């Protein structure tokens, strides 16, 4: 039957292929009594080790193909497998109740899932999904059942699923998987972000694709408009084949812009930079003509290991990045651990609301030995290129002043040791807390630059967790309140002669770009694959014309009105 389903455009492009329905199998686990406890423990240990091997391989594959930030979720899954509460709980059931490993795994994981899902905090609820995903993998090894890997698909398909886990998305083979559509998800969900890195057309949040589509149905996924067509007519197939060809031609045109500067129609230069997680990610920045790195997430140096990285390890990583960028600006964010990123070896206490808790600069100012080691490595690397330092999650001037004072102390120590340090390192802050945006005029006097972290700024301003499906409709980048905060930050910085960048998903959003350009944003930092489309868009825009347009948008009532105004005026 013919259906037209609308959802959220997550990754641009057009896919036309037969549907592959990806549903999780339900496996009934029965409780059985055992007599040989040691054999059962050995079986569990083997399943845990095989699961770790798989996750390490997936993590490495994801890091190589999509960057360290996309691989972060698998480091979290590995931490679950090493969690003594979970592992010892399962072993305890086997030893004390003489039950089979499969049922012990089910009982303990179900208990943790129920506990996390009952909490009010959305971050803790997300941990339930991690435990469910990891437990499914371990169970598969215990009972010898394939856990539904999509890596084995060997014909052209469009995947239809309720949702795709990070493990699922990381294993997609672009040669055969032409696109996907899901019932749930938003533009900032894991699967959406990964689909953009892989350049696979995707539509998410449709609410009904699994209900309306049968295995083998012909499907069109329009990741440009957010439309899924089931069993299309010949005319629709022809029209979308033309649309797909036009999009591929457009990509070829974008490729010609790799060595070109990012200038507007009226000759204004805007810096298009990239977000990275490891030195390896610089490959993608250079291949896509990035003019700098607007966010180097240093926490990936600290993850998937059992001890803190040394000063020397960090120095080598930072040095490699600034050297390879050959004088182009590299903004390096100091450690942002906490919230959705944990380090097992720090043994931080569990928090009910870690996103608003002991994280980022708050952790660094308390655990100064960690902070000072990182700052020494950054200061040493500063002589090898255009390195800038950025402090995350700054809420007060006192935090900023303390961080700068510690950095100055470490600089003085290095100089006294005869170590060269650049005398022109710019220091800035992430603006991701609404109070910081409102007080930007105060901060602007004491920093060299701002970088607006919209992913957190939006969810904190709208009081809506971007990963929570039930309130995802409130995650509105174009909401007048968000635009006014951005405007406030830019004006405050410019009044002090300072520059402003943006390093959230919003920076690479084609609807947001005209607004941000009109508001005067100086630097747009995005995923490397978004740089060339953004550069192409800038060539068609006039910065001077956009100034009154952006101010007009600030006066509108709703995010929808803002979006429609931009689309009607600039995205016809």
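A Cβ is built for glycine as well, from the same backbone N, Cα and C atoms used for every other residue.
Swiss-Prot has this to say about the protein:
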- 190: active site, tele-phosphohistidine intermediate (ACT_SITE)
- 503: active site, proton donor (ACT_SITE)
- 297, 333, 455, 456, 466: phosphoenolpyruvate binding site (BINDING)
- 432, 456: Mg(2+) binding site (BINDING)
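Feature map: annotations from Swiss-Prot on the structure.
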{"residue": "190", "record": "active site, tele-phosphohistidine intermediate", "Cβ within 10 Å": "21"}
{"residue": "297", "record": "phosphoenolpyruvate binding site", "Cβ within 10 Å": "22"}
{"residue": "333", "record": "phosphoenolpyruvate binding site", "Cβ within 10 Å": "25"}
{"residue": "432", "record": "Mg(2+) binding site", "Cβ within 10 Å": "26"}
{"residue": "455", "record": "phosphoenolpyruvate binding site", "Cβ within 10 Å": "16"}
{"residue": "456", "record": "phosphoenolpyruvate binding site", "Cβ within 10 Å": "21"}
{"residue": "466", "record": "phosphoenolpyruvate binding site", "Cβ within 10 Å": "19"}
{"residue": "503", "record": "active site, proton donor", "Cβ within 10 Å": "28"}
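With respect to their backbone Cα atoms, residue 432 (Mg(2+) binding site) and residue 466 (phosphoenolpyruvate binding site) stand 14 Å from each other. Separation of the C-alpha atoms of residue 297 (phosphoenolpyruvate binding site) and the residue listed as 'active site, proton donor': 11 Å, rounded to the nearest whole number.
Across the fold, the C-alpha of residue 456 (phosphoenolpyruvate binding site) and the C-alpha of residue 503 (active site, proton donor) stand 11 Å from each other. You'll find the Cα of residue 333 (phosphoenolpyruvate binding site) roughly 11 Å from the Cα of residue 503 (active site, proton donor). In space, 466 is the closest of the recorded positions 455, 466, 503 to residue 190 (active site, tele-phosphohistidine intermediate), judged by Cα positions.
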